[in-house]
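**Q** According to Swiss-Prot, the protein has these features:
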- Glu172, Arg218, His449, Arg490: L-aspartate binding site (BINDING)
- 196-199: region 'Aspartate' (REGION)
- Arg218, Asp219, Glu220, Gln227, Glu483, Gly535, Leu536, Asp537, Arg538: ATP binding site (BINDING)
Amino acid sequence: MMRTHYCGALNRNNIGQDVTLSGWVHRRRDLGGLIFIDMRDRDGIVQVYFDPKYQDALTAAASLRNEFCIQIKGEVIARPENQINKNMATGEVEVLAKELRIYNASDVLPLDFNQNNTEEQRLKYRYLDLRRPEMAQRLKTRAKITSFVRRFMDDNGFLDIETPMLTKATPEGARDYLVPSRVHKGKFYALPQSPQLFKQLLMMSGFDRYYQIVKCFRDEDLRADRQPEFTQIDVETSFLTAPEVREIMERMVHGLWLDTIGVDLGKFPVMTWQEAMCRFGSDKPDLRNPLEMVDVADIVKDVEFKVFNEPANNPNGRVAVIRVPNGAEITRKQIDEYTQFVGIYGAKGLAWAKVNDINVGLEGVQSPIAKFLNEEVWKALAERVNAQTGDILFFGADKWQTTTDAMGALRLKLGRDLGLTRLDEWQPLWVIDFPMFERDEEGNLAAMHHPFTSPKDFSPEQLEADPTSAVANAYDMVINGYEVGGGSVRIFDPKMQQTVFRILGIDEEQQREKFGFLLDALKFGTPPHAGLAFGLDRLTMLLTGTENIRDVIAFPKTTAAACLMTEAPSFANPQALEELAISVVKAE
């Protein structure tokens, strides 16, 4: 037998037992004729010592170095009282080695487990990086999450059904990864960006509660929390309303947090998209941050200051204020840095006002814009934002979207910089009632979620007549500023689906070509259905306390969508390309 126990599982209950351990040398120390090692496996670390009493084992141990793969047979001993290590789960015991077997030696490591290695090093030698206890713990947490999800889904009547990986390219927002067909030359499969249409087809097939933990693929620009291939917890239901779907999914996430880290998330508040954007400048607000945006266009619309009065009198403009309690100590240098920061989001500047004494009106205000205000306007502003002595006010004034984006980003930065964001809290919420459509860069209407989302209380005729007023029957789950899941009630009427396609500029010929199978299926007694998808990688990221999604994926890609370990992507074999009838055009 190669193993009787995991290293990290040993405790006082094992004292006096003979055990067989298999794992790696984590650290080695020589002390006065004895050799000590910390031995590690996926479950943790235990101290092992070699005593002259077992000379063969001690002699063999002299050759041990870090990351040798070994087997130990020995006895679990209680540590002396003064040697108990409270920082180790196994710190009350140690193992007296009676036999040592070296499975494999190790070359000098290209990584140093005791120092910060570059991410490039960690990804190139990922198989070594994953030996680190913190990395092993993250992957164990991920496995625990998926195990919990499967149990919950099974207990709630959901069926785990697989959907195809080789499918048809359909417009879902990002570029597809294409797979050439050898049999059908000149044609391509697409790897799925999500199982969206297949799970809707499963509802039409009568499987009223479906789920799947599934790989998805998107060829898009990457960030710290995105990967070209990622994992979704994908869910779809029939005959349930949006609030009923949210209730089930909230119970799942509530239970997941309790099971994984022992945290009770409480009841999730529900907030409309409009409220989230107006108060927090984001459709995924981080409610740990107490700062809010307050609209003041009605107060400043008549001041003789174009920066304020122009957007204040423009239906598409916005003037908003963030009050920072006790922020008057912020220096001019810091204010200049914040002004530069909002410029990234298109803001032309950042007005500010320090409240040195709230009791003396404008006389107590220090601000380059004070000369444009009068006592009446200042009083109204101070009352609107509840200004107090020692506060600073930051003003954003521009187009609605620019002000909202810039001030929303500033809110987050101020919260971090000034220590206002309560990092030890969990703040979940649902965001609902998104706009059905938004304008793309060319000014055309695009679906804010996807083209299969149902509008709220709109007929096809009403939607076609006034699409920009339509509210989507959609919902996102947000935790601490991260969108962890999103879903919607789906369109189940063929006339409504064709109307949405037309609004998006997809003519009837394109509809038949791209979505003919869906439009046909909608004609045969389609049930009302709704669903949601969670990002498993992002959930794991939150539950393990890391800010980099690559830390919770065993073998992730870089931000350039490359695998440094296997050197993928690579050039294809010319013969394989010939069989696929593909010629490669060299980049200029």
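Placement of Cβ uses the backbone N, Cα and C atoms for every residue, glycine included.
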**Q** Taking each of the binding-site residues Arg218, His449, Glu483, Arg490, Leu536 in turn and counting other Cβ atoms within 10 Å of its Cβ, which one has the fewest?
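**A** Among the binding-site residues Arg218, His449, Glu483, Arg490, Leu536, the sparsest Cβ neighbourhood within 10 Å belongs to Glu483.
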**Q** Sort His449 (L-aspartate binding site) into helix, strand or coil using the DSSP assignment.
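**A** Once the DSSP labels are grouped into three classes, His449 (L-aspartate binding site) ends up as coil.
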**Q** Specify the nearest of the binding-site residues Arg218, His449, Arg490 to Arg538 (ATP binding site), where nearness means the distance between Cα atoms.
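**A** Out of the listed candidates, the nearest Cα belongs to Arg218.
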**Q** Mind tallying the region 'Aspartate' (196-199) by DSSP state, helix then strand then coil?
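**A** Final tally across the stretch: 4 helix, 0 strand, 0 coil.
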**Q** On a C-alpha basis, identify the one among Arg218, His449, Arg490 that is nearest to Leu536 (ATP binding site); the candidates are the binding-site residues.
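**A** Sorting the binding-site residues by distance from Leu536 (ATP binding site), the top entry is Arg218.
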**Q** Where does the mean pLDDT land for the region 'Aspartate' (196-199)?
**A** 97
**Q** For the binding-site residues Glu220, Arg538, which Cβ has the most other Cβ atoms within 10 Å, all shown protein chains included?
**A** Arg538
**Q** Could you state the whole-number distance in Å separating the C-alpha atoms of Arg218 (L-aspartate binding site) and Glu483 (ATP binding site)?
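**A** If we compare the Cα positions of Arg218 (L-aspartate binding site) and Glu483 (ATP binding site), the gap is 17 Å.
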**Q** Provide, as an integer number of angstrom, the distance between the C-alpha atoms of Arg490 (L-aspartate binding site) and Glu220 (ATP binding site).
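**A** Distance between the two Cα atoms comes out at 25 Å.
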**Q** What three-state class does DSSP give Glu483 (ATP binding site)?
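**A** DSSP assigns Glu483 (ATP binding site) to strand.
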**Q** Where does Arg218 (L-aspartate binding site) sit in DSSP terms: helix, strand, or coil?
**A** coil
**Q** To the nearest whole angstrom, state the Cα distance for the pair Glu483 (ATP binding site) and His449 (L-aspartate binding site).
**A** 13
